[in-house]
Amino acid sequence: MKPGGPYGDVYVLRLGHRPERDKRVTTHVALVARAFGANGFVLEGVCDEGVVESVRRVVARWGGPFTVECGVSGRRYVRMWREGGGEVVHLTMYGVNVDDVAPVIAASPRRKLVVVGAEKVERFYYEEADWNVSVGTQPHSEVAALALFLDRLFRGEWRFIDYSGGFLRVMESQRGKRVERKG
């Protein structure tokens, strides 16, 4: 499988990043997006170079393609995405259960923008989303929500993505750590 799978493009938009507080979690959102099949990561608002560089280093070592953008207006990005024919999936604990809607979302061939909040998400995103998807109805991590949603969207096929361009690859091992250098 190539990143984006049958949809061509799947991007993750991270809202409300607070540089002094969210570096690690936001970096993990981006890394989960990459590992679970998205084509890219978009950081709304402030451009946190620490997060951007961290993700780019992972892509250089482990392969891509995976794009990173930052400093965009989340509202404008969502509107642009919809105007371009894509659909918007907002992950929230107040939406429809992921297991009930993931097959319907996966059946649509349209490009996907997955919106993940950090702090209180504005009403705009609930209203503009084609889908408000709940991964559980209890407070938990946006990293977990994204991983579960992308797993359902790609039906587990993200495990077979071929990451070209990197020079490291983990080899399966019952015990210990095995990392192979490519090329």
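Cβ atoms are placed via backbone N, Cα and C, with glycine included.
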Could you look at Leu91, Leu148 and say which one Swiss-Prot places alongside Gly117, Ala118, Glu119, Lys120, Val121 in the S-adenosyl-L-methionine site?
-> Leu91
Residues close to S-adenosyl-L-methionine site centre defined by Leu91, Gly117, Ala118, Glu119, Lys120, Val121, Cβ within 8 Å | Leu15, Gly16, Thr92, Val116, Glu142
Per DSSP, Leu91 (S-adenosyl-L-methionine binding site) is which: helix, strand or coil?
-> strand
Fewest-neighbour residue among binding-site residues, criterion Cβ within 10 Å, set Leu91, Ala118 = Ala118
Taking the residues Leu91, Gly117, Ala118, Glu119, Lys120, Val121, which the record names as binding S-adenosyl-L-methionine, find the longest CA to CA distance and state it in Å to the nearest whole number.
-> 13
